[in-house]
Every structure is written in C-alpha cells, then in structure tokens.
Amino acid sequence: MGVVAIRRADAAAVINAAFALTVALVPAGVAAVAPTAVAEAMSATPELSLWLALAGFLHVVGMLGWYDTVRWWDHLTHTLSAGLLASLVYGSLVAVSRSSGPVFWPGGLAGATIGFVFALGVFWEIGELLARDIADWLDIEPVLVHYGWRDTALDLVFDVVGALLVVGVDLRLFVEVAAVSPTATRTALVWTGQVVGAGSVLTVAGMLLTRYARDAR
C-alpha cells in the first residue's frame, strides 16, 4: 500500500502507511529488547502484531480512496481499531484487578474499558480537526481528513461498538502480556489516561489558536 501511495504521489497516504508499518512492528521491537518474561509473553501473543497490521492496512486502503467510495469502510476501520484498543485496555484492567484484588472501576471492567476507548476516540477526532485546521492554515493537504460532524459522531459510535464487542465476548487475549508486570500496566493506564485528558485540552486549544491565526490573515 505504501508503494501505491508513493506512485500516486499521495503524501497523506504515504505518511499514514509509514506510520501503520511502524506501529505494526512495535511488538516485535519490544520483544527484541524487553526482559525475558515480557519477550516470551509478546511472542506467545502474535495476534497483537497481526491485529495492528490488519488495522493499519485497512486504514491505508481507505486513505487511497475507499473512505470516499465505500460508505461503510470508515465504520469497519473504526470498529476494528477500537476493538484492538479495547482488548488492550480490557486485558490491562483484568491483569491489574487480578494482582491488586477487587478494584473499583466505574461501571466495572466493561464500563471502564468502554469509557477509556470512547475518550481515546474523542482525542483522535479532535486531532483530525486540528490536522484539518493546520492544513487549511498552511494551504497543504491534511494528513488526517475530517469528513464532517456526522462522520465524527458515527466514528465515535463505531468506536463504542468495537469496545462493546470485546467486553461482550469477554475477550482476554492480552491479559497474559499485561500480567507480566501489573505495576507497570497500572502505571501505563494512568499515564495514558492523563495524556489523553491533557492532550485533548491542548489539542482543542491548538485548534482554536490555529483558527484564530487563519482568520486573522
């Protein structure tokens, strides 16, 4: 897909393809440098790399035109990507709960997972808006394309659908990976939540500043 994007001189698709490939290789990179226990857990869970690769592949296909021509393609990619995030979050919450004993999560593990994924989805959608505004300001092609508020709402709906599917079938695919170090997993969850919260606020601020700068020209 990256080669196709290069041949079409589609800069946005090239960047997205490069990013998708990098993300798909992260598990292998972690397994190569991580302590033995982590490496063994990662090697025993090849589904993570496959899921990342599939989600990235479908997204890049969408960037090459299918988002515009296949009306349900965006719903598919959001459901798949949100399902991956949900499975990672759910597995992490289960691992932390097992290690620490009963832990209170608003709405239980399922509710916390859905809420976490929804927050990540909101962060992503705000990022799309900022990318569009920066591109408009600089008069360049946006790396991420925003298709309107209806599309944003549907994206979030299918993010929740992906999370619901994971918690609905009680998918614990990545529990063993998260259970290698429950303390590190808990820290990662807390930090991710803080980054998403602070990042959303900063992204909105950046979006407002960009629009002000654009309108002031």
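Yeah, the Cβs are placed from backbone N, Cα and C, and that goes for glycine too.
Feature annotation from TrEMBL assigns transmembrane segment to 12-36 (among others).
As annotated by TrEMBL, transmembrane segment applies to 48-67 (among others).
Per TrEMBL, transmembrane segment is recorded for 79-97 (among others).
Per TrEMBL, the feature transmembrane segment maps to 103-124 (among others).
Positions annotated as transmembrane segment by TrEMBL: 156-175 (among others). Below 8 angstroms of C-beta separation, residues 45, 47-48, 74-75, 78-88, 90-92, 94-95, 98, 109-110, 113-114, 117-118, 120-122, 125 of the same chain, each at least six residues beyond the ends of the transmembrane segment (156-175), sit close to that stretch.
As annotated by TrEMBL, transmembrane segment applies to 187-209 (among others). Sequence-remote contacts of a segment are chain residues at least 6 beyond its ends whose Cβ falls under 8 Å from one of its Cβ atoms, and for the transmembrane segment (187-209) they are 89, 92-93, 96, 116, 119-120, 122-123, 126-127, 129-130, 133.
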Against which stretches of its own chain does the transmembrane segment (79-97) lie, if we need a Cβ under 8 Å and a gap of at least six residues from its ends? 51-52, 54-55, 58-59, 103, 105, 109-110, 112-114, 116-117, 120-121, 158-163, 165-167, 171-175, 177-179, 182, 185-186, 188-189
